[in-house]
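Undergrad: According to Swiss-Prot:
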CARBOHYD  133  N-linked glycosylation site
CARBOHYD  298  N-linked glycosylation site
CARBOHYD  361  N-linked glycosylation site
């Protein structure tokens, strides 16, 4: 499981950096675990360069049994929906004209139980689109309507990946609603936007990353199954969001160093965090191509012969939609700011852009990866 966690973490960082390059000052949010699960399912049906490229981009070199690893992580995470408003939906739709081989169907059946579906894009496009939209809406408890837009698919679509993920967290320690105030959020050195700022004084795991003058904090959600880790620059020092230095230094190794529990310690913290909701529809295709998935999306070079005898088949599209909501909600309310319990306090004031991950603590896999630049 460790090898898979490291692979997923490396892929998450690679894709995050690609998305940052394409949208330097925008909010970013995606679910690396959803994408890597879907691409690993597609990989089962590929051969040759296509299979090798997926393996390289997803960093599977040292991972022994990829499908089984994902099965374990997925079932662990899905159990959490009884504690949180959390859903990760991952689907691979294959046009029935491809007549997927029985070998492919049987080898994916157990590890990717309900993630594979054969549909009819060619002759029943509108009906299929309607079915996928209503199925995703139902699976996400109504969070995502019409995940497929007009131009997401066509009657030429052969293979389609659809990811839909949302999370509405409940904290281990509730933020007192009476302490939420409107404050300026500094989107750059010179500009601000108003934001509802939540405030709490409590003990959290805190660390300093001195070489990039940042702080990192771990905020556990109820039952500690998930945590939000936030990397916050001490100030906005560059001419953009203040995150340039972190983004340059960020790689799979530095992320592991920064989030290593041994570099963090419990501290009494005066915490200020924006209340926010981010919903993103990302098109990861160009970013994945830049990372090295050269043949997967190209009909003349992709090799899906492990799935179908049909020639000229490629992955037609990747739809990836995610929603994250951060509010005061949580467990027992604890000391209200202003009470004299905490004498010496560290401040963690997220009133300027920050990078965050939502981590599954049991497997230490990254469920969501994002940056918050503007309310």
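Glycine too: its Cβ is placed from the backbone N, Cα and C atoms.
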Undergrad: Sort out for me which one of 133, 298, 361 has the most neighbouring CB atoms within 10 A, since those are the glycosylation sites we care about.
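TA: Of the glycosylation sites 133, 298, 361, the highest Cβ count within 10 Å belongs to 133.
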Undergrad: Could you state the whole-number distance in Å separating the C-alpha atoms of residue 361 (N-linked glycosylation site) and residue 298 (N-linked glycosylation site)?
TA: 37
Undergrad: Helix, strand or coil for residue 133 (N-linked glycosylation site)? Use DSSP.
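TA: In three-state terms, residue 133 (N-linked glycosylation site) counts as helix.
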Undergrad: Rounded to a whole number, how many Å is the Cα of residue 298 (N-linked glycosylation site) away from the Cα of residue 133 (N-linked glycosylation site)?
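TA: That separation, Cα to Cα, works out to 26 Å.
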